[in-house]
Amino acid sequence: MMTSNILSRFLPPNGSPSVYETLRQQDAESNPSDVEERAGLEFEDDRRTQFSDRELEEAMVDAARDGIRSPSPSPSEPFLTQRSPQRTSGTATAKTGGRRRKHSRPRWMHQDPDDGDDDVPPSLLVEGHQDDDEMRSRLPPPPPSHRHPQRELSPAPGPSSRADRARWNTTREQLPLHNDGRGQRPGVIWSLGHPNLASVDPKEKAMWLWANVENLDNFLKDVYTYFLGNGIWSILLNRGLSLLTFAFVVGFSTFLTNCIDYRNFRGSRKMDDILIQQCTKKMSMSSTFLLWLLTVFWIGKAFQYLMDIRRLKHMHDFYYYLLGISDSEIQTISWQEVVSRLMTLRDANPATAGAVSARHRKFMGSQSKQRMDAHDIANRLMRKENYLIALVNKDILDLTLPIPFLRNRQLFSQTLEWNINLCIMDYVFNDQGQVRTLFLKDTHRKALSEGLRRRFIFAGIMNIFVAPFIVVYFLMHYFFRYFNEYKKNPAQIGSRQYTPLAEWKFREFNELWHLFERRVNMSYPFASRYVDQFPKDKTVQVAGFVAFVSGALASVLALVSIIDPELFLGFEITHDRTVLFYLGVFGSVWAFARGLVPEETNVFDPEFALLEVIDFTHYFPNHWKGRLHSDEVRKEFAVLYQMKIVIFLEEILSMIFTPFILWFSLPKCSDRLIDFFREFTVHVDGMGYLCSFAVFDFKKGTNVISQGGTGRRESGRQDLRADYFSTKDGKMLASYYGFLDNYGGNRPANPSSRRQFHPPPAFPTLGSPSAIEMGNIGERLERTQTRHGPAATFMGQQSGLGPGFGAAGFGDHASPAPSILLDPHHQPTASDFRTANRSALYPRFRSSRPVRPITDPIEDDNESPSAEIRRGAVKKSPHTTTGSSGGAIGTSDSNLGESWRMNLIGDELDKDTGEDGENVDEIAGNAGVLGLIQQFQKVSKDNRGRTTVGI
C-alpha cells in the first residue's frame, strides 16, 4: 500500500495522458517558423484540409493550359531541413498520420480579394530568378539521405492509394512539372563542373549563411558569446586551458589520494620513500570508476570543442567580413557598436535568401530580421533570463530551507540555479526557445503543475547521486586556486562579494551580462566601505590587541632569524615546530586581525556610502527609506554582500540542501509558477512570446482602472490587481532607465557633454553631526557626484544616484533625443519622462534646484494606480514651467502594441494649465512674447507627433 502511494506521486493518473506527450504532440504540430501561428491565430479546421482527386485533376489541367512550371526544389532545403527537422511537414505527418495544415488567415481577419497584390512580384525582388539560378549553380546538390520521396512523388501529404499514385506518375510523365533530375548523377556533375563550398569566397559564404539564418535567437546568442569571448583565438585558448585545468585537478587529486603513502611520510627524506608504485592498479573500484567516468567526460568535452571550431570560424567570418570587426578590435569595441553594425547590416542586406521558399523568405524578411534593434536583440538574448529576474523580484520562488532552525533563511546557489533552469525553463520553453503555448492556456493548469512538481522531485533524487562528485571537485579546485592567494595576503579571507541571489535581485530586465557585471563591479569599493564603516567598537578593540601581540611575537622572531638565519630557522620552539612555522602562524594572525581594524582617517558616513552603492546596484527597497543609517539595513545588506569563504561554504552545503529544497519548498509554488508564465507572457509580432516586463509596457494593468467615481469605489480591488501585475520597488522603471542609459545617447562628443572632473566630496566636520541629519548629504551629492551618462542628452543632468536614477524632466532638453540603436516604435518620447523625478526616490536627497519633494519609491504607471485614483488627475508641479517636459511617467497611451497612439507634451500641458485656472489662449491671444511661445510649442508638438512614437 505504501509503495503504491509513493509511485502515485510520480506516475500520472490512470486513463489520463502524460503532460509530456501533450507537449511533444503540440510541438510536433506547431510550425516553429510561423510566429503568428504560435500565437494561436491559426484555424484548427484547416489543418484537416486535403486535396481531393477532383481538385488534383483540375489543378493539373490548369497547369497544362497555362504552361506553369513549378520551380525545382531549392538546393538549400535539405540543409535547412537538417538543421530544423520539425519544419518538414511531410516527416511530421508521416509519423503522426495527420494531414498538412493549410495556412489561412485568422478568423478575425476577413478575406480580401486584393491580398495577392500585397506580395512583391518576383521580378521586383532583389535576387530575382537569375540570382536564384546562380545560387543554385553554386550550391551542392542534396545528398540522397536528405531526399524526401513523399515530397517528390506525392502532390499532397497523407495516405494515398495505388490508383492515385499511378495517376500522379502518369501526369508527371505527360506534364514535366518538376525537374527532379531523375536518371542523372548529380554528384558527378557537381564535382566536374562546380566548385565546392570550401572554395567559395569567405565573404559571400558569410553573406549566404547570414541570409539563411533560421533561428535568430540562437544566432544572436552565438554573436554575443563570440563578443564575450573576445574572438576565435581567445575562445579556443580559454577552452584549451579549461580542459587542461580540469585534467590537472582530476590527475593531481588522484595522485594525492591514491599514490602517496602518508604513513611513511614522517621520517622520510626522499619522494620515492612515500610513493606507491603502480598506484593505479591498486586503486579501489569506486576510484577507478570515477576516474574512467571523468576521463570519458573530458574526451567528450574535447570532441565537442573540436566540432565547434567550424561554427566559430563561421562567426569569425561574420564579424570580419560583414561587420568589419577583427579579432584584435573585438577586445576593445563596445557592444553598442556591434548592435549598430548589426542594424546597418540588416538595413543594407535584407533577408533575401535565393535558395529559400517564398513562404520562408517572407517570414524571414518581414518578421525575423526586420525586428532587430537594441531592444529586440536584448529581448532575444534574455528571453529566459527576463523571466527569472521577474520570478526573483516578485518572490514567487520558495527558496527557504525546510529545516526547523533555518526556515526563515533563503538558499540560492549556483547549483540550485542550474536545477531551476533544468526544471522550470526547459519545461516551459521548447527547442526553438519559445514558450510552449500549452502554458498560456488555463485548461492544462493542473496537469502542468503536477508535471512541474514531479520534475522538482526527480531533480532532487538526481542531485543525491551527483552531489558527492561535484563536492569533491569544487573542494579541490577551490583549494588549488585560492590557497596561494590567501597565503600571500591573509586579509583576502575577509574579502566580500555579492551572493548569487543578490545578483539576480540587482540585475535589470534586458540588461546583458557584461553590462550588469560592469555596473556591479563599480559598486564593490563603496559596498566594502559601507560595511566597514558601521560601529564595531568591541571587535576593533579585540582585533587591535590580537594584532599587537601577534605582530610583536612575529617581529622578534623575524629579527632573530635575520641575525643568525642558519642556526635560528632550524631552532624548535616547541616539539617539531620550528621558528619558520611560528613566523607563518603569527604573520597570518597579524594580517587577519589588522584587516579588521579600520583606518584612523576614515570618516563615519554610512548613509553616504550606501547611497553610492545604490547608485550602481539600483536596489532600494521601500523599507529602506529613511533608515539607511540603521543597523537593520546593514544586516540586510550584509546578507547580500557576504564573505567569499562563506559563499563558498554555502555553495558546498547547497549540494546537500538542494534536494530538500527541490522536494519540499519548490513544489509548493508550482501552481504560482504556472500562473506566472500564463499571466506575464505577451506576444510580440516577429519576436514571439516575451516576458511582459521586458517589453516595458507601462500601461499593462492600469487601463482597466476606470475614471470617475467607479474607480474610486473599487480602488481597493484595483490596488491588489495593480500590485499583482507590477514589479516590486520600481524594477521595470529602473530597467527602462538603465536600458536607455546604455543605448540612448548618440550626439557627438563636445565639451559640454564630456564627463567633467569633480573634486572629492566635502565631508561634514566631526563637530556638526546635525548636518547629516538635516539632509545636507543630498546637496553634496547634487554638487559633487553628478554624472553624465550616455543618456544625459535626453535626461538632462543626472543626479549622484548614478545611471538610471538621474533627475529626468528637469534638464535643459524638452524632449529626449532619439537613438540610432532603436527603431521608431522603441524610441523614447517626451511623455515617457514627464516629471520623472528619479532623484526623489531617496527622501534624504535634496537637489540644488527647486523640485517637488516625493517620498514614494520608483513606481511605473501600473505600480501606482491607487495614487492616481486618490489624486483624480495628474497635477502640475508648482516648480514646473509650461515649457518643461514635466509629467508623470507612462501618461502616454502609446505602448509596444499601439505605437501610433500617443499623448504629446502639449496635450498634458494644456490639461495642466486648465487645472491651474489659467486661460493660455486668452493670455497668448495678443501678438506678444507669450503668443510666439504658444505658436512655437504647437509647431514643435506637430513635428514630434509625426516623427516620434512611444515605446
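Glycine is no exception: its Cβ is also placed from the backbone N, Cα and C atoms.
According to Swiss-Prot, the compositional bias 'Basic and acidic residues' annotation covers 35-54.
Here Swiss-Prot flags 97-108 as compositional bias 'Basic residues'.
The intramembrane segment feature in Swiss-Prot is assigned to 456-476 (among others); the stated evidence is similarity to another entry.
Feature annotation from Swiss-Prot assigns intramembrane segment to 645-665 (among others).
Annotation comment: Swiss-Prot describes 1-239 (among others) as topological domain 'Cytoplasmic', evidence class a curator's inference.
The topological domain 'Lumenal' annotation in Swiss-Prot covers 261-288 (among others), and the record cites a curator's inference as its basis. Here the topological domain 'Lumenal' (261-288) has, by DSSP, the following mix of helix, strand and coil residues: 14 helix, 1 strand, 13 coil.
Sequence annotations record features per position, and here Swiss-Prot assigns topological domain 'Cytoplasmic' to 310-455 (among others) based on a curator's inference. Note on the topological domain 'Cytoplasmic' (310-455): mean pLDDT across this stretch is 84.
Residue counts for the topological domain 'Cytoplasmic' (477-542) by DSSP state, with H, G and I taken as helix and E and B as strand, are 49 helix, 3 strand, 14 coil. Look at Swiss-Prot and you will find 477-542 (among others) tagged as topological domain 'Cytoplasmic', backed by a curator's inference.
The topological domain 'Lumenal' annotation in Swiss-Prot covers 564-577 (among others), and the record cites a curator's inference as its basis.
Look at Swiss-Prot and you will find 599-644 (among others) tagged as topological domain 'Cytoplasmic', backed by a curator's inference.
Positions annotated as topological domain 'Cytoplasmic' by Swiss-Prot, on the basis of a curator's inference: 666-951 (among others).
Residues or ranges marked as transmembrane segment in Swiss-Prot (evidence: sequence analysis): 240-260 (among others). Long-range contacts of the transmembrane segment (240-260) within the same chain, counting only residues at least 6 positions beyond its ends with a Cβ under 8 Å from a Cβ of the stretch, are 274-276, 279-280, 282-283, 287, 291, 294, 298, 301-302, 305, 472-473, 476-477, 480.
Among the features that Swiss-Prot reports, transmembrane segment is placed at 289-309 (among others).
Marked as transmembrane segment by Swiss-Prot: 543-563 (among others).
The transmembrane segment feature in Swiss-Prot is assigned to 578-598 (among others); the stated evidence is sequence analysis. Long-range contacts of the transmembrane segment (578-598) within the same chain: residues 489-491, 493-494, 532-533, 539-540, 543-544, 546-547, 550-551, 553-554, 557-558, 560-561, 568-572, each at least 6 residues beyond the stretch ends and with a Cβ under 8 Å from a Cβ of the stretch.
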Helix, strand and coil residue totals from DSSP for the topological domain 'Cytoplasmic' (310-455) stand at 97 helix, 4 strand, 45 coil
DSSP composition of the topological domain 'Cytoplasmic' (599-644), residue counts helix/strand/coil, works out to 26 helix, 3 strand, 17 coil
If one takes Cβ-Cβ under 8 Å and requires six or more residues beyond its ends, the residues near the topological domain 'Lumenal' (261-288) are 254-255
